[in-house]
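Lifted from TrEMBL, the feature list:
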- L119, G123, H124, L125: (6S)-5,6,7,8-tetrahydrofolate binding site (BINDING)
- 6-382: domain 'Serine hydroxymethyltransferase-like' (DOMAIN)
- K228: N6-(pyridoxal phosphate)lysine (MOD_RES)
- H227: site 'Plays an important role in substrate specificity' (SITE)
Amino acid sequence: MSNKFLSQNDPKIAKILKKEQQRQQEVLEMIPSENFVSKAVLEALGSVATNKYAEGYPGKRYYGGCEYIDQIEQTAISRAKKLFNAEHVNVQPLSGAPMNLAVYSAFCQPGDTILGMDLSHGGHLTHGHPVTLSAKIYRFVRYTCDPKTGKLDYKAIEALAKAEKPKIVLAGFSAYSRNLNYKKFNAIAKKVGAISMMDMAHIAGLVAGKALENPVPIMDVVTTTTHKTLRGPRGGMIMCKQKYARQIDKAVFPGLQGGPHQNQIAALAVALHEAQKASFKKYAAQVLKNARVLCQELQAGGLKIVFGGTDNHLILADVTPLGLSGKEAEQALDEVGITVNKNIIPNDIRKPLDPSGIRLGTPALTTRGMKEPAMKKIGQMIIALLKNPHKISQKTAARKLVKELTQKFPLFYGV
Ligand code: DSN
């Protein structure tokens, strides 16, 4: 991308950014929460909308001069409503953690109980991990799944909900690879008088592309970050039933945040426009096909696939059967240009900074145009390398494949 003014004004940052762009071009990005936004999204993100303060909501701002900012935010809201069949949408959350905190604060008083999925079983830090601020304010109770099959025991979750009386029954994940039954989650919430909430951050793009079931018409509240499979700018979005609109909006502003990042909202509007296209539907379907092929290769090569397989874009794999820890596997792959992240697995006996698993996914590689044959090669190469992480010839072969694939499927930003 051209950065004429940046190069003149701040050559140091310009140079580092150029290197980051080159890094993105030259590695196989397999962290399942990462993706590449279009040039149009990048332009909106780097636009003059960043100059404007606009506390409040379209038509009800605390600042003058918001006529165009209102149009941008209203366009983002309308596009999100249409794409996800949502009754009400708030596009102002700055990112995922404040987004979920805003929802908790909309429905809970300090000390109230929230039922969420355990982090080591695929849940998310913001779903009540003890290290978070949310966990200091609210009382989180966690449910787990069967690590072999990924199956959730909905009867056990219902019994837990009845015993603990949560204000929110929360579904959603960041390292879980199976589909959830939203109707069952919603029914459990209704039985105990709780709000049903789904955090679909990881799969929003797959829902938008109609490759996975849409939880929005079923659950009371659905949150999502906008930069993962949805391929938008970094940010968050809350969708809810109309009857909760006021509560949610008040919790976001003035409850938690000040001025929204209007450049981010403009870029989100562009991403939502892109997600309505037929090409995005194809993209979402391909992400799933690629994940299945990759998963089969890794499983065939001896990795233990947690939850027994994948229904979405991500794979959580126990690498200890190959004699490595997750950290060692991440480092070995990093060295040859494959980016994944180490991850804890259910009932992990190792520590979070050096766990037993790695988490990998297909959204970013699919954006570059890679399909099943590339996934097969990558899967086989990952196995070969992890079996012999210190063998020079193995590293050379891996680097060669990374180079071949990244050149064959170049990033569209140019160099
Ligand atoms: N940190 C994100 C992820 O990598 O899944 C979730 O917020």
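Glycine is no exception: its Cβ is also placed from the backbone N, Cα and C atoms.
Its Cβ placed at the centre, L119 ((6S)-5,6,7,8-tetrahydrofolate binding site) has 24 other Cβ atoms within 10 Å. Taking the mean position of the Cβ atoms of L119, G123, H124, L125 as the (6S)-5,6,7,8-tetrahydrofolate site, the remaining residues of that chain whose Cβ falls within 8 Å of it are G116, M117, D118, G122, T126, H127, G128, H129, F173, S174, A175. Here H227 (site 'Plays an important role in substrate specificity') comes close to N35, V37, P233, R234, G235: these same-chain residues lie at least six apart in sequence, with C-beta atoms under 8 angstroms from its C-beta.
The CA atom of H124 ((6S)-5,6,7,8-tetrahydrofolate binding site) is located 14 Å away from the CA atom of K228 (N6-(pyridoxal phosphate)lysine). Compared over the recorded positions H124, K228, the count of CB atoms lying within 10 A of a residue's CB peaks at K228. Spacing of L125 ((6S)-5,6,7,8-tetrahydrofolate binding site) relative to the residue listed as 'N6-(pyridoxal phosphate)lysine' is 16 Å (Cα to Cα, whole number). Looking at K228 (N6-(pyridoxal phosphate)lysine) and G123 ((6S)-5,6,7,8-tetrahydrofolate binding site), their Cα atoms lie 16 Å from each other. Taking a C-beta cut-off of under 8 Å and a sequence gap of six or more, G123 ((6S)-5,6,7,8-tetrahydrofolate binding site) has these contacts in its own chain: G116, M117, H129, R142, G172, F173, S174, A175, Y176.
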